[in-house]
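Chemist: Copied straight from TrEMBL:
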DOMAIN    A:37-318  domain 'UvrD-like helicase ATP-binding'
BINDING   A:Ala58, A:Gly59, A:Ala60, A:Gly61, A:Thr62, A:Gly63, A:Lys64, A:Thr65  ATP binding site
DOMAIN    A:319-586  domain 'UvrD-like helicase C-terminal'
Amino acid sequence: MTQHSDAAGASASDAAPTSIAARAMASLRPQGSPYLEGLNAEQRRAVEATDGPVLVLAGAGTGKTRVLTTRIAHLIATGKARPFDILSVTFTNKAAREMKHRIGGLIGPAGEGMPWLGTFHSIGTKILRRHAELVGLRSDFTILGMDDQLRLMKQVIVDQNIDEKRWPARALSSAIDGWKNRGLLPEQVPPGEAQAFAFGKGGALYSAYQARLLTLNAADFGDLLLLCLKLWRENPDVLENYQQRFRYILVDEYQDTNVAQYLWLRLLAQGHRNVACVGDDDQSIYGWRGAEVDNILRFEHDFPGAVVVRLERNYRSTGHILAAASGLIAKNEGRLGKTLRTEDVAGEKVTVSGAWDSEEEARQVAEAIESLQVKQHPLSEIAVLVRISAQMREIEDRFVQLGLPYRVIGGPRFYERAEIRDALAYLRVTANPSDDLAFERIFNTPKRGLGDATLQALHAFSRAQGVPLLQAARLVVETDELKPRARSGVRALVESFSRWSRLVGSQPHSEVAQTILEESGYTEMWQKEKSADAAGRLENLKEFVRSMEEFPDLAAFLEHVSLVMEASEQEGADRVSLMTLHAAKGLEFDTVFLPGWEDGLFPNQRALDESGRAGLEEERRLAHVGLTRARKRAKLSFAVNRRIHGLWSSTVPSRFIDELPEDSVDVLDAPAHFSAGASRFDRNPTPFGSSYGTPGWQRAQANTAQSGNANGYGVGNRTPTNRGGPRQIEGELIAKSTGAPSAFSVDMRVFHTKFGPGTVAGVDGNKLTVDFDKAGRKMVLDSFIQAA
DNA sequence: AGAACGCCAATTTTT
DNA sequence: TTGGCGTTCT
């Protein structure tokens, strides 16, 4: 069938979109279906099984996104659906963007106009805005970020006279999030659980919190889905409208859905029952965040008659890596079972090596990276994946010391940084004077002499008059409620906001933002601050204002930021990537280093304590995710001693190491070169002396590192190949340092992105000894330094 | 208001 | 060992 009757029927009334689809079809038909070419049999089955429920179990590297996007192209090209008939949900904005992009590549501009392709939350928002009044909101409700949410919770806790120290907002927040993740409204929370928090007040707090949200005309992230459920349950006609609208539903990363998302999907899917879920139970690593692996395990039960397609052919990794990953994940019991296979060569075995301590492990990783670099491997094809962020420090330190360029992926997101949240708060109040949470945030930032007492007075007034804080402030300055000092401060603020509000619409919004940041004294506040990160924050603010230009108006920009908590990662420079295993999902690299495979760290003790066997299995899936990120090389390591919370403790290699299939693993051991010499037990006595970091010093270090084994541990990891590494690198560094005289001299004031401002104490080629104001004396490469 | 101290806790993190 | 937080002192 090439032309679905509904599509044809609608074409008269809905000419424009259909004609785009028709054009797309026309352009495709002459060649048949070129987009299907190059798919393997299973992928093709997953694409062509258009009707009825479908579960695609897509192992790592098996072409999951390709199937998803081709499926959409297929639906459109065959006329089974128009772009706006298809609901396609992902978890992250990145995934949504990627899909849009690839669909565009497959079917041309027709793919651009997929209005229902997005994250659960963005689609939930879109739906809620249309029917906001049915759940007690106005359509311009604000979406609260984590920080607003916590502030609000704190208020609710205090209002209910609960000791905020015994029952911190954090704990309440996680309880409420948990309930929302499970699709539970306050009245639906099991009494037992509601009782458990704050002497039986859990339920009341949840209700009170929801009530506060409504008065603020705000929703938190959980609400974006939960309120859809409420909306649909209470308004069957609205639900039916959406059920009819979405002829086809596609879900990415189904293994990560929580109960609320599952219910959300199930309600919608009850219309046409054409729901295709793509996921991999072996990559479910977000259980701690409410994801239910059970959703994917139960799919066939929930959607009877479902077609299940397994994608097991891996196009990413070489044989040994795949064998190692498969062997490991096979130890899990709660899984649907897949066996990844490849037609690629066996390739290099996965390597396992030990180090005396975590510092040495970091050194070994850095050294191995340098030796790859010497062999012309791009740094951008190398990643270091750790279990917890705390592991990054030692590795970063080492990279900084060697001048090895790296980038940390993940970490605090752009829009979560304090300066950005502050700037946003100003804009939010300007755009929406009733945004009390935003108002409170910047009420006294920068300092304008307004303290708690003033805020309390405003709150009291606001409650008494039933008006937002800003309005209350406007009224209060006309009275004698406040002391003169506070009164003038509040008046200035109120007048500023009136002025700024008038600017909106008459000036480009990025200019308005710029004006606000300047007139409020906010920019000045950071200029005066001279801590290490102030410069970076100002830089972020500039970037923030610049990024506004991409949006048509202030409202559109604010909507974007509340949902898309990310900054555009600047690509380009050749750098090693450093991130947690969680952040690595979905990425791939030629070479992957996996340090810290020690029991207690990985699998993580806490996961084990809190979730027992399920926790262990999730950790194992995390290991599987880590291994399958590698195309050609996976390098595991562990340390025998690690500093945990400041104390050194001895550790035991991860149980996962012994679960790897022997045939695919190379244990690197060269006891003779075990480099205990450079461990903390035998440190260079003058690490900050002026000769530190010179080629000669480095040579000395390299020699020490090669000399003898002070301890009895038999596992080291210096292979004959990378033993030549340091010397060549050293050659490189010499070459660099003799190339041009340094632009820096002693006593010069400089700035380093990591260590902040400092004074040059010594110059040696391209290496500087700098006395940092905050970080003390460090050796750094001049390329990491700017004149201050 | 801001520095300075002491205490406590300490995975993973998107929207 | 760090960092975040609240308290107390200037």
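Each Cβ is built from the backbone N, Cα and C atoms, and glycine gets one as well.
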Chemist: Give me the sequence-ordered set of same-chain residues, not including A:Ala58, A:Gly59, A:Ala60, A:Gly61, A:Thr62, A:Gly63, A:Lys64, A:Thr65, with a C-beta within 8 angstroms of the centroid of the ATP site's C-beta atoms.
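Modeler: Here the non-site neighbours turn out to be A:Val67, A:Asp280, A:Leu311, A:Asn314, A:Tyr315.
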Chemist: What is the average pLDDT across the domain 'UvrD-like helicase C-terminal' (A:319-586)?
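Modeler: That region's mean pLDDT is 89.
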Chemist: List, in sequence order, the same-chain residues at least six positions removed whose CB sits under 8 Å from that of A:Ala58 (ATP binding site)?
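Modeler: Looking at Cβ-Cβ distances below 8 Å from A:Ala58 (ATP binding site), excluding near sequence neighbours, one finds A:Lys64, A:Val67, A:Val278, A:Gly279, A:Asp280, A:Leu311.
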Chemist: Under a three-state reading of DSSP, tell me whether A:Ala58 (ATP binding site) is helix, strand or coil.
Modeler: strand
Chemist: Residues with Cβ closer than 8 Å to the Cβ of A:Thr62 (ATP binding site), same chain and 6+ apart in sequence?
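Modeler: Within the chain, A:Thr62 (ATP binding site) has Cβ neighbours under 8 Å at A:Leu311, A:Glu312, A:Arg313, A:Asn314, A:Tyr315, A:Leu340.
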Chemist: Give the number of CB atoms, excluding that of A:Gly61 (ATP binding site) itself, located within 10 Å of its CB.
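Modeler: Neighbour count, Cβ to Cβ under the 10 Å cut-off: 22.
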